[in-house]
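J.: Quick one: the structure is below, and I'll ask about it shortly.
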């Protein structure tokens with residue numbers, strides 16, 4: 001087991017506890033950066049998709065995992081990001097300007113919506129955000145001059161300083177662009193979580209009563225979390241628009257919202273890493289099932305191409321996770337790592353969850 | 001002038017008069033205890049001062065300011081910290097983070113600066129940490145610094161709550177039954193800490209407590225309440241010998 005000898009407060013303030021940890025993160029980004037040299041187009045497109053989903057997942061993670069608010073309407077913010085970005089680019093705004101604006105538009109919209117919404121919590125908030133999603137969907141159809149209505153909208157290919165980032169013509173460039181965005185947003189998110197702002201999010205999540213007693217303005221904190229969450233999701237939406245290239249309102253269905261919620265719950269609520277684990281699961285498992293099915297067809301001669309089977313297997317996996325591993329994929333990974341570090345001293349009941357007792361409900 | 005002045009405070013929930021016409025004032029540097037049988041309205045008085053409940057009648061003044069109509073989150077910045085009877089900690093965070101959350105009122109950075117983690121943010125984090133370390137040393141929490149609250153024993157959680165309130169650097173601290181559920185040794189420690197808070201930190205302490213030995217040991221003055229109404233106020237000895245207080249706790253004698 002690793003023991004860190006801390007010599008200054010900076011050891012705790014830094015993102016990584018030591019150079020070994022920092023090195024692992026750098027190595028991961030480096031490996032991700034050189035992937036296009038080793039993998040074919042099919043895999044690169046899939047990985048790009050996973051990155052975009054991770055970004056959207058991080059957006060929802062901030063809200064659900066770190067501030068304890070549910071949202072079933074995040075597809076709406078994906079849509080706002082995608083449409084803002086594409087519509088601005090269609091009138092000639094360069095991507096470098098349109099992209100941040102897409103995030104800001106989704107964020108500002110989210111923060112405004114949040115002011116009344118944050119008075120609700122739990123299932124009520126989920127329903128309110130679902131209603132919001134329906135409104136946004138209708139608004140997209142109505143605002144035809146900007147959004148192309150039912151017909152949809154074309155996201156122009158990205159060019160920065162003469163370099164082409166088109167999703168088809170130069171997929172690798174587009175992948176690197178997505179990677180850069182995800183790395184930057186992850187870094188900002190991680191910074192936020194180690195700062196007073198991040199702590200106030202956690203405070204609001206764990207005990208509203210004592211958060212107020214500590215001087216935390218609940219409404220403002222929750223609105224801020226809502227806004228930041230929507231901004232991140234909006235950025236993901238903008239990238240998703242470019243990835244799909246031609247989209248209409250149907251791309252942002254309520255199933256996207258539910259999938260996003262699955263990303264954060266199955267990935268591991270309350271961990272940034274969880275968003276990545278969840279995104280990998282959500283994007284890779286359907287592909288994996290398809291590959292296995294084709295394999296069964298060619299080697300065993302089993303025809304498993306009946307409709308709905310993929311979805312069934314996928315759903316069983318998801319339900320299994322929710323029942324047997326409520327802390328998510330990342331939580332499971334932490335347990336495995338802990339077990340290995342302590343080997344052979346780990347005990348079976350080490351992770352048995354303790355019931356929180358004496359929690360007062362009186363002032364809620 | 002007193003630090004805290006409560007005048008004719010009342011709160012009614014429907015027909016229940018939880019607190020009805022309570023007045024008292026707490027001087028700076030004083031340890032003031034509120035005692036009373038269960039359901040007397042002691043915690044309700046606390047919740048009124050920390051603005052979780054709206055008073056039906058009366059005024060609360062702190063440090064010369066009328067705080068009767070302030071929001072709950074505006075109470076901490078003016079220097080009132082509190083603990084809760086039924087521990088309200090952030091269970092999924094470490095002791096250190098819980099104490100750092102107590103420093104919220106002292107933050108001078110906004111979320112944009114936090115996001116980019118500017119040098120100013122780091123400087124402030126170091127300063128918060130320094131203050132928190134003082135609290136950790138004072139309450140002897142060193143061994144638990146990096147433990148999650150969810151895994152801590154009850155007694156330690158109680159202490160962390162006091163620590164979180166102290167990390168705020170308040171003028172006055174409201175302790176809601178700091179010794180409830182603690183062993184004799186632990187409540188003795190609480191008594192020492194309350195004395196130290198007053199003597200070394202210059203804090204004013206307002207305390208609700210059932211443990212009479214703790215109340216006797218540390219309080220300058222005691223207010224006894226029953227059924228929302230004040231019974232007696234004075235030194236611990238005076239209050240305990242008051243016939244009305246005795247009646248409230250033990251019932252009245254029946255003469256034949």
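Using the three backbone atoms N, Cα and C, a Cβ is placed for every residue, glycine included.
Below are the features listed in TrEMBL for this protein:
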- A:25-44: transmembrane segment (TRANSMEM)
- A:51-72: transmembrane segment (TRANSMEM)
- A:92-115: transmembrane segment (TRANSMEM)
- A:122-143: transmembrane segment (TRANSMEM)
- A:174-192: transmembrane segment (TRANSMEM)
- A:224-245: transmembrane segment (TRANSMEM)
- A:251-269: transmembrane segment (TRANSMEM)
- A:276-292: transmembrane segment (TRANSMEM)
- A:312-331: transmembrane segment (TRANSMEM)
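I would like each feature placed in context: is it buried or exposed, what are its neighbours, and how far apart are things?
T.: Sequence-distant neighbours of the transmembrane segment (A:92-115) (same chain, 6+ residues past either end, Cβ-Cβ under 8 Å): 77, 80-82, 84-85, 132, 158-160, 165, 181, 219, 222-224, 226-235, 237-238.
Within the same chain, residues 69-76, 79-80, 83, 113, 149-150, 249, 252, 254, 257 sit at least 6 positions outside the transmembrane segment (A:122-143) and bring their C-beta atoms closer than 8 Å to a C-beta of that stretch.
Note on the transmembrane segment (A:276-292): residues 46, 49-51, 53-54, 56-57, 259, 262-268, 310, 313-314, 317, 328-330, 333 of its chain, located 6 or more positions outside it, place their CB under 8 angstroms from a CB of the stretch.
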J.: Mind checking which residues reach the transmembrane segment (A:174-192)? Cβ under 8 Å, same chain, six or more beyond either end.
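T.: For the transmembrane segment (A:174-192), the list is 15, 29, 32-33, 35-36, 44, 47-48, 51-52, 54-55, 58, 62, 99, 158, 165-167, 198, 228, 232, 235, 239, 242-243, 272.
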J.: Should anything in the same chain at least six residues away from the transmembrane segment (A:251-269) have a Cβ under 8 Å from its Cβ atoms, list it; otherwise answer none.
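T.: Apart from its flanks, the transmembrane segment (A:251-269) reaches 53, 56-57, 60-61, 64-65, 70-76, 78-79, 82, 130, 133, 137, 233, 237, 240, 244, 275-279, 281-282, 318, 321-322, 327-332.
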